[in-house]
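Read the structure below first, then the notes.
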Amino acid sequence: MSVVLPLRGVTALSDFRVEKLLQKAAALGLPEVKLSSEFWYFVGSEKALDAATVEKLQALLAAQSVEQTPKAREGLHLFLVTPRLGTISPWASKATNIAENCGLAGIERIERGMAVWLEGALTDEQQQQWAALLHDRMTESVLPDFQTASKLFHHLESETFSTVDVLGGGKEALVKANTEMGLALSADEIDYLVENYQALQRNPSDVELMMFAQANSEHCRHKIFNADFILNGEKQPKSLFGMIRDTHNAHPEGTVVAYKDNSSVIEGAKVERFYPNAAENQGYRFHEEDTHIIMKVETHNHPTAIAPFAGAATGAGGEIRDEGATGKGSRPKAGLTGFTVSNLNIPGLKQPWEQDYGKPEHISSPLDIMIEGPIGGAAFNNEFGRPNLLGYFRTFEEKFDGQVRGYHKPIMIAGGLGSIQAQQTHKDEIPEGALLIQLGGPGMLIGLGGGAASSMDTGTNDASLDFNSVQRGNPEIERRAQEVIDRCWQLGDKNPIISIHDVGAGGLSNAFPELVNDAGRGAVFKLREVPLEEHGLNPLQIWCNESQERYVLSILEKDLDIFRSICERERCPFAVVGTATDDGHLKVRDDLFSNNPVDLPLNVLLGKPPKTTRTDKTVAPSKKPFHAGDIDITEAAYRVLRLPAVAAKNFLITIGDRSVGGMTHRDQMVGKYQTPVADCAVTMMGFNTYRGEAMSMGEKPTVALFDAPASGRMCVGEAITNIAAANIGDIGNIKLSANWMAACGNEGEDEKLYRTVEAVSKACQALDLSIPVGKDSLSMKTVWQDGEEKKSVVSPLSLIISAFAPVQDVRKTVTPELKNVEDSVLLFVDLGFGKARMGGSAFGQVYNNMSGDAPDLDDTSRLKAFYNVIQQLVAEDKLLAYHDRSDGGLFAVLVEMAFAGRCGLDIDLNLLLAQTFITNHTALSQSLRTEEVKALAEWQETIARTLFNEELGAVIQVRKQDVADIINLFYQQQLHHNVFEIGTLTDENTLIIRDGQTHLISDNLIKLQQTWQETSHQIQRLRDNPACADSEFALIGDNGRSALFANLKFDVNEDIAAPFINSGAKPKIAILREQGVNGQIEMAAAFTRAGFDAYDVHMSDLMAGRVHLADFKMLAACGGFSYGDVLGAGKGWAKSILFHPALRDQFAAFFTDPNTLTLGVCNGCQMVSNLAEIIPGTAGWPKFKRNLSEQFEARLSMVHVPKSASLILNEMQGSSLPVVVSHGEGRADFALHGGNISADLGIALQYVDGQNQITQTYPLNPNGSPQGIAGVTNADGRVTIMMPHPERVYRAAQMSWKPEDWTELSGWYRLFAGARKALG
């Protein structure tokens, strides 16, 4: 039993968080109470800690010992919120890590809780309601007193496995176990297992059954996609997967790996990649190598329904691991994400089309999913260090043909692209005797049965089993594991990894067998060698839990020493768990009980269970003609702008780091006003090239209700019209990922799925496209009992297409931002050819008007022709702006382009309206005069169709002088009849849409944009500090204050480092990182460009004495999440130096050396600020605390470089320019100085507004720092720290917006060149 030391911390909840809780309580009718909160820390150890250790703990945790813990009393109620009993929180893992690295011996674990005190009279029932408000039952417990916190450290006794008596009880015994264990085995699979175990003449263990269930779940084996289909009584010729494979067979060119690894690999290019060279003491060098592109997209729907934060976080983490475990190891680079949920029903903003049908108690509401889920996904990406650059958000919940269709089981999609050395793309064969290794985090009792649970309709499983199936994420340890993988593949042909897989559904029980089975091997494992963070787990829990951040891999025994040294340097846990055999048999040995929980042939586990046959019939949707003659067009426009699929997505974007890695060219935010309207994401392949990668998405689920195959073709079409904005070239260079969601088993849905796969396969083959990767989630149905009523919500068939392609020149990417140039016009290309079909449109959704025909990709040759023309115009720099038509139709395209460009529009749709009317009302158009036509309801309907149909198409802005040539290009492709000159830009802040002289819409663009951003604003208010959300909303229309600009006091094209570079002298710079830091590569690249000799220095190198700071002239402490920021950003990193006498002396000596320079950025800034006591001239320095918004802020912000002593900023003084910020704790705090800012403080960087005034206004000042402080320097200017990231934007191509005259380098290169000059 552990000794538990309680320590009292600081206030836990901010004033606005308290106010939100009180508002929620009031909404439940609870009586008024006074609420206070504080953090408490519980330190578990084998024996009582000595006084010196306790003193260090208090300093580390900012906490105090107490003689006795406080108790609740009459009228004062205690709610002690802790991690869920029986689990170990990610916070605890990281905090304990810090204590170990600070030399605090004897500590078993540190956990954190929050004591909430409520003063007031409450009944038992009211206390239960408050408990529900105060904790997340998925991840937390509420304890009645402090003594109960000892249960956090309770150790269970280990148990052995159990068996199911198949020999004695036959099939019935297995049927019973199937239900009790939540295995989701089919009747065929139960028969298969009974037959095989009877042949083996033994009973199956519970471990083997769970392992089989996971390995053979729909989630893992995709049985429906490999099934036979009988539709309307006829056997179909191909499986779903067969039709997907047809696309690759027809167009294999450009694809390196398809269908046989964790990700697909497509051809890239030979580029110079930048990373440390182990043979040169970890010196950063450029390496020219053939580099291919990884593409992967998958979903995490079931866990996100149950626990949105954890579900979305581990969804992102699992997809990242898939990329990293491709081939023999690779590097994830940039991500995408998306969410589809039912109606939000935002309090105070309930929309007229929203109805609340109810939901099962154990799943989260759509609003909670969208408040918590995106934060979970973003937090994982941020902490791991992968920019998220693309996404979508859709809501739908509607009664259609007698069924409620919607997304109570949400779609949470996570994907991305990565880079891989050509020589690492294929796994090698694992030889007999090879070691089988687990790399990454330890196992714990979470995520049991996730694969099987996600394969079931939501609501058909026991609620407790649903909770058991959700994992928890620890991105910081996944980052450490990725660093190990990076060090391995960076060894090139000396890479020790033979083969690698990520650990996902089914845990080790799925990953290890998959690893050896791929090589035709068997294996022997030692169960008790598996690293665990919880005591007392039984064999099933050890072998089958889905603890995240783990990989399995194989190496030769001779490479164990080098692999161990890499892991030790990165502080990444690993264990040799097994050995490969040549007998095809799987044995898991438990030495604790001297038995074998698993002992069976692999062909029983992964053999061919009976093939599934799916039988279904066509269920045709009811057809209702589309009518909209009585709808006010302006009102419709405002409704459409509020629909989440159309509305601004700021609340989903600014929470995600979009610049980490320094390879981002085009993120979601466009132009000098940073408007979230980009069509595609674009990254660069290296720091010395403009080659890159692009990715886009296409999804049209509401269309599937009307015509499922059409929805599939439209998804492909939308992905192509989105990615066409990038400089790709031949359409065959684009490769697609297809993610399929359906409610299989619901009558008619299997048939829709089959016909849609068939349609997409044929369309892709006609377009020269292939689908080398994808995933399915085919249990998209939620069922529950509501009193006497059985309810269900069935999702429409939902295909999400993600397109990936190599880019020839990222600088040619075109955005939707309208350019304020003279003599430009807007052209509209209508790929719907006047049909203007309205089925499934945003317009229909906001009026509950589920009628009309489905839009479709009727002619693939015309889409290809359109793409070819756009690509030629992109390559020739003929497009000023480009935006494809999608949700919200042409109206949404126009207003989004206007929002981005902050300019008015004068649009005349006369000819387009005529085409729409003639196409849909041919007889009327031939028999009536124009004025008679315009008096008809059909004409009003034509206006609605023209403005709001969502057929494929695009608007382009071009110079007037180029119009004739551009029309001729479309003529050559036989598309000229579908190109319309529709209008021009104006100086007025007004949108005018006309039919000749008749105004259809005439409205203020500020008002329209406020409506467009209202949904995002309201969710942001509920999630973050509402005062900050309101401040950002109030800036809409204040163009002068919110515009980005550059005012440099130097020549951006002059390289002041050039003379020093030409001299050949290269000062050595230590690029310093700690575990969890993720910004080292771009920091090293920036300094290398300025003539430094950069070296990768890990804190473990300094602690082990492999490296000494005295060998360097400069130190750069990098950004990221050292130890996951668990004790305050940068604090744990700093304490590991201050509490280590040798390191403290080494750093102090470096800081006092007059010949050195230091730069701390972001997490490095926070860390160095905590070392102020050993840095001369830092009196008055702030610490950095949580942002005022209490949210991670990723922005392109304006800063000013004031006059200061800073040597590295000396050459930039007086300049103002945009810079990337990405942090959660960047607010300069002067509490240690009584809240006073010293007149002598060396302020080196300040946030300013668009008028170059120091600002406190959020988000122009993204964190609330007083006096706009973004960076400070010490008295002699040798040590400068800042929260923004100049290293991520030293190249002009890295900036989301830049002045036109910035070509190769941005203004921020001057900082790095200035450092080189300062060292002489």
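Glycine residues also receive a Cβ, built from the backbone N, Cα and C atoms like all the rest.
Among ASP679, ASP768, ASP853, the residue that Swiss-Prot places alongside GLU718, ASN722, ASP884 at the Mg(2+) binding site is ASP679. For the binding-site residues GLY311, GLY315, GLY317, the ranking by surrounding Cβ atoms (within 10 Å, all protein chains) places GLY311 first. Sequence-distant neighbours of ARG321 (ATP binding site): residues of the same chain at least 6 apart with a C-beta under 8 Å from its C-beta are ASN262, GLU478, ASP502, VAL503, GLY504, GLU549, TYR551. Under 8 Å, Cβ to Cβ, and six or more positions away along its own chain, GLU1287 (active site) finds GLY662, GLY1079, GLU1082, MET1083, ALA1085, ALA1086, PHE1087, VAL1161, TRP1308, PHE1312. Shown in sequence order, CYS680, SER696, GLY698, ALA719, ILE720, THR721, ILE723, ALA724, ALA725, SER886, ALA954 are the same-chain residues outside ASP679, GLU718, ASN722, ASP884 whose Cβ sits within 8 Å of the Cβ centre of the Mg(2+) site. In this structure, the CA atom of HIS1285 (active site) is 7 Å away from the CA atom of CYS1162 (active site, nucleophile). Neighbours of ALA313 (ATP binding site), defined as other CB atoms within 10 A of its CB across all chains, total 32. Under a cutoff of 8 A between CB atoms, and with a sequence separation of 6+ in the same chain, the neighbours of GLU319 (ATP binding site) are LYS296, VAL297, GLU298, GLY335, ALA414, GLY415, GLY416.
Look at HIS1285 (active site): DSSP puts it in coil. In three-state terms derived from DSSP, CYS1162 (active site, nucleophile) belongs to neither a helical nor a strand segment and is classed as coil. DSSP assigns ASP884 (Mg(2+) binding site) to a strand in the three-state reduction.
On a Cα basis, ASP679 (Mg(2+) binding site) lies 27 Å away from GLY311 (ATP binding site). Across the recorded positions listed here (ALA678, ASP679, GLU718, CYS1162, HIS1285), the residue whose Cβ sits among the most other Cβ atoms within 10 Å is CYS1162. Per Cα geometry, GLY317 is the residue among the binding-site residues GLY315, GLY317, ASP884 nearest to CYS1162 (active site, nucleophile).
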